[in-house]
Amino acid sequence: MFLFDWFYGILASLGLWQKEAKILFLGLDNAGKTTLLHMLKDERLVQHQPTQHPTSEELSIGKIKFKAFDLGGHQIARRVWKDYYAKVDAVVYLVDAYDKERFSESKKELDALLSDDALATVPFLILGNKIDNPYAASEDELRYHLGLTNFTTGKGKVTTAGGDSGVRPLEVFMCSIVRKMGYGEGFKWLSQYIN
């Protein structure tokens, strides 16, 4: 019973209670995708090898169904991202906010995702990770380098009128997965757009 209550608390706090969702975790290698997935699954922080093959985690408790796909971020793994776009409910795109030298590469991949017709109406949560590092980019700096200044939809509820408004929910949240900061707010925001 304790385990059920614990999982309920985690998912309810993320706004995913009584919802079913297929979520892709994307981003360059070393951005924190696998670490985030394991923190969401069992609040465990462990060292991970780079993800070589796509993995998925499915949590199902009561009426909660949450399926997350962790697709590797290295250049070869990015080639299979497109294979997972079908019937996806949301994309969580992670960026290493400390690795400023890779911002242009991350922007290129994000631009490709945002311009793909298969993802045209899919909400995007962009997480700037590793803000526990004092030299990590600020939210404004990350928005600028990703070309998202004045492009995001806001951290409040965006009215999408049943998906007909042409507005794709897209927002940036800064986080530190290892310190368990910021990503919860991002998932609460994202949950508004998962039916």
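A Cβ is built for glycine as well, from the same backbone N, Cα and C atoms used for every other residue.
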10-14, 110-114, 170-174 - the one Swiss-Prot records as region 'Mediates recruitment to ER membranes': 10-14
Write down the one residue from ILE23, ILE177 that Swiss-Prot lists together with ASN30, GLY32, LYS33, THR34, THR35, ASN129, LYS130, ASP132 as binding GTP. ILE177
